[in-house]
């Protein structure tokens, strides 16, 4: 059908339920989960870590997963306008979530540029990190693969592996601090440009193109993870390694830090707080059974994380540990290429779905301007260019220090916890948990378990608030590799990034209370009332018909008496 110039385009929807499931998998099961969950599991008591993890899954993860998905499906709106229709007072949560998404788009894709550089480097007769004879190597370089692990402990302490030197001196070209920005690494810059071009064309046509791309980007990494899992289990000592890794330490359960990290991991794992699930759910049809889908998805995804944690382990794996491992394998180029294409696809899926979330939220905010022929493509191009030029500093010699600043402050777990406290309070009390139950029942023909209402009103805000306070109490300033301490101005910048999203919530609420006319009670009531044009549930229709019938009967009685 030919588009008419100036005509408002339809919002669109998923072509099938599978597209929605794969899109959710793309943003939920990303690079952070692949190596962060097993690292935290090992660090915080092995198998014992699963206890606080499951507690947070039940009290926060699954309830908020269902809530955010249902909010989008019910309103058919993005991450900002859904709050405008459900609870205008809490619209600041939507703006804050999109600001965090913007921050993540500005730094996350750098990882993909690094991975692409490693992938290209894999197509060489000898892996460049498997040698100490390169221009970037130092006199302290040692090749573990060549020495066949026969080096003594003293020599290892006083030396640097060839893999580490390739990462620090070739890829990062790391300076001595954030104050020394240095030159741009043009090879990484070219890789970054390539990744932005791929991301642009993955989503430039909206949900129609996104829904098709995820069929490949969200499934291939699972195949590679399965291959790595099988390969790892067949290596000598695999069973002993798994036992050592998962051996429970019950004493760690009394450490508040363990519970705090388990809670933060849930919010990362389920992509909560940023309205990502809300936007993806908004492209579902109204009668899609999101309740059953959310239950199945949360169970299956948790099993996948637990199953594949044995194949990918530790936050330093992607660019140090695994390159070292493949250098010792037969056909190292093949294993390296397979691993880094998996890393690229995992991150690519998360990146372009996050971009789609931001694009949808802004376009729903200004549909008359942006939802016209070719407007989306132009706006997406401007968004990509803005993010690209904003992150140029991250491909310099001091870029890694800036990257860590964004990761530690701008997109921290504390920011997500804060947003989820007010999200659950706004929906559980202002909009009403009972009303939300009616909405979900109307959409899915099944009423959720009462535990969800209990969580939305009490458990989720309480647990999130306690975790948020604990994260502030246990706060430690960011350091790089445990030796570099950032200057004071860098810490101030980090806190500015963190507070920019956190303060949006109370600032928006206060601003609306000031702007709206009427008494304080009237303003509060108006800002906490949902849009009257929201879809009417069957229960509401029955109540309207009953009230209409009662009024008609009252009129008839008055007429008879007169």
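Cβ coordinates come from backbone N, Cα and C, glycine included.
Note: TrEMBL annotation is automatic and uncurated.
According to TrEMBL, the feature Na(+) binding site maps to 26, 33, 269, 346, 349. A sphere of 10 angstroms centred on the C-beta of residue 346 (Na(+) binding site) encloses 30 other C-beta atoms.
Marked as disulfide bond by TrEMBL: 132-141. Within the same chain, the residues at least 6 positions away from residue 132 (disulfide bond) whose Cβ sits under 8 Å from its Cβ are 141, 142, 143, 162, 165, listed in sequence order.
Feature annotation from TrEMBL assigns transmembrane segment to 20-37 (among others).
Using a Cβ-Cβ cut-off under 8 Å and counting only residues 6 or more beyond its ends in the same chain, the transmembrane segment (49-67) has close neighbours at 40-41, 252-253, 258-259, 262-263, 265-267, 269-270, 272-273, 277, 290-291, 294-295, 297-298, 302, 306, 420, 423-424, 427, 436, 440, 448, 451-452, 455-456, 459-460, 463-464. The transmembrane segment feature in TrEMBL is assigned to 49-67 (among others).
Long-range neighbours of the transmembrane segment (100-120) within the same chain, counting only residues 6 or more positions beyond its ends whose Cβ lies under 8 Å from a Cβ of the stretch, are 31, 79, 171, 187-189, 191-192, 194-196, 199, 273-276, 318-319, 323, 336-337, 340-341, 343-344, 347-348, 350-351, 354-355, 357-358, 361, 387, 390-391, 394-395, 399, 402-403, 406-407, 410-411, 415-416, 419, 497, 501. Summarising the annotation, TrEMBL assigns transmembrane segment to 100-120 (among others).
Per TrEMBL, transmembrane segment is recorded for 184-203 (among others).
Annotated transmembrane segment per TrEMBL: 223-247 (among others), in sequence order.
Under the heading transmembrane segment, TrEMBL lists 267-284 (among others). Tertiary neighbourhood of the transmembrane segment (267-284): same-chain residues 11-14, 17, 20, 23-24, 27-28, 32-33, 36-37, 60-61, 64-65, 68-73, 75-80, 82, 94, 97-98, 100-101, 104, 207, 290, 298, 301, 305, 353-354, 356-357, 360-361, 413, 415-417, 419-420, 423, selected by CB-CB distance under 8 Å and a gap of 6+ residues from either end.
Look at TrEMBL and you will find 296-322 (among others) tagged as transmembrane segment.
Residues of the same chain lying 6 or more positions beyond the ends of the transmembrane segment (334-358) and with a Cβ under 8 Å from any Cβ of it are 23, 25-27, 29-31, 34, 78-79, 98, 101-102, 104-105, 108-109, 111-112, 115-116, 118-119, 122-123, 127, 195, 198-199, 202-203, 206-207, 210, 213-214, 216-218, 220-221, 224-225, 227-228, 274-276, 279-280, 318, 322-323, 326, 380, 383-384. Residues annotated as transmembrane segment in TrEMBL: 334-358 (among others).
Annotated transmembrane segment per TrEMBL: 378-394 (among others), in sequence order.
TrEMBL lists 406-429 (among others) with the feature transmembrane segment. Same-chain residues lying 6 or more positions outside the transmembrane segment (406-429) and placing a CB less than 8 Å from one of its CB atoms are 60, 63-64, 67-68, 71, 83, 86-87, 89-90, 93, 96-97, 100, 103-104, 106-107, 263-265, 267-268, 272-274, 436, 453, 455-458, 460-461, 464-465, 467-468, 471-472, 478, 494-495, 497-498, 500-502, 505.
Per TrEMBL, transmembrane segment is recorded for 450-469 (among others). Here the transmembrane segment (450-469) has long-range neighbours at 56, 58-60, 63-64, 66-67, 259-260, 263-264, 414, 417-418, 420-421, 424-425, 427-429, 433-434, 436-437, meaning same-chain residues at least 6 beyond its ends whose C-beta is under 8 angstroms from one of its own.
The annotation transmembrane segment is assigned in TrEMBL to 489-516 (among others).
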